[in-house]
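Notes to accompany the following structure.
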Amino acid sequence: MKIGVFVPIGNNGWLISTHAPQYMPTFELNKAIVQKAEHYHFDFALSMIKLRGFGGKTEFWDHNLESFTLMAGLAAVTSRIQIYATAATLTLPPAIVARMAATIDSISGGRFGVNLVTGWQKPEYEQMGIWPGDDYFSRRYDYLTEYVQVLRDLWGSGKSDFKGDFFTMDDCRVSPQPSVPMKVICAGQSDAGMAFSARYADFNFCFGKGVNTPTAFAPTAARMKQAAEQTGRDVGSYVLFMVIADETDDAARAKWEHYKAGADEEALSWLTEQSQKDTRSGTDTNVRQMADPTSAVNINMGTLVGSYASVARMLDEVASVPGAEGVLLTFDDFLSGIETFGERIQPLMQCRAHLPALTQEVA
């Protein structure tokens, strides 16, 4: 099973809590995180894109770096780990993304890929005057289909004459082209999102579900597997989890309860309000899960809380689910979390037993 880190491009990572570590996103922080991840044989690093935060006492995600420029910098200071940036496709023409991706492919030596997002949070785009109207909620995957077709043209042949409802290319050129086939990833959980991933993505991200229920996402992975079978492609699921670990189950649980007790209710209310604005995409979207009050303090990603041995066991359970090819991990404290994962959790995981011995620790 592949292991990736979801780097904290926004302030405070993924805990919407006054009791969680409070920090700003910086290049130096993310460089330290990704270099540690590479040292511990993580397979990939991904950054999201967020253009407006949730506010509240913690100013959650009000402070964000930009994904492509951050990952270009991280590509230059790593040598093995795969690097993914996220394109907010309403903000960037596909020909520009194609050229930026080819540039980072050159920087990284063929280790770069692109995560495509359609955009669901209206205020991110309304503030710039580029929200296309609420009809976009029901047409966003039509838009993304044209977008990726332009990308594939430009990466494949260096030229596109694509004509569609959203994009018109007229002898559009991009050169140099990527040195290896460019990987495209997506994070669709709606039927439309999974159908898109089945046709165009190399793999699809999905949310884990619940606290210490590592296989609860299995129906989502099964839906993705079924959608991919319809297209004759192999598109695996990569599952998002937060790891909160300590020496004992009780110590880890105490951390989790402490974070929940400090939930930033103002920021969470804003998230709930935004999640209700898309009335056209169905009830199975990522944002619906994010705003569920059950565990909104970490946007309801799957949460693994326990001793190092318990977390290792639960991750092995994740690996046993058909269609689950990897996990994307966040941590309550990224630097110490990756270190304890690499030193104390990963060595106990049967699904990572193939890894080579560690070299000297990264500075």
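Placement of Cβ uses the backbone N, Cα and C atoms for every residue, glycine included.
The FMN binding site annotation in Swiss-Prot covers Ile49, Lys50, Asn115, Glu124, Arg140, Tyr141, Ser190.
Secondary structure at Asn115 (FMN binding site), as computed by DSSP, is strand. Over all protein chains present, the Cβ of Lys50 (FMN binding site) has 23 other Cβ atoms lying within 10 Å.
Between the binding-site residues Glu124, Arg140, Tyr141, the minimum number of other C-beta atoms within 10 Å of a residue's C-beta occurs at Glu124. In sequence order, Ile9, Asn64, Glu66, Ser67, Ala85, Thr86, Ala87, Ala88, Val117 are the residues near Ile49 (FMN binding site), counting only same-chain partners six or more apart with C-beta under 8 A.
Here the Cβ of Asn115 (FMN binding site) has 20 other Cβ atoms within 10 Å, regardless of which shown protein chain they belong to. Of the residues the record lists as binding FMN, namely Ile49, Lys50, Asn115, Glu124, Arg140, Tyr141, Ser190, the two whose Cα atoms sit farthest apart are 21 Å from each other.
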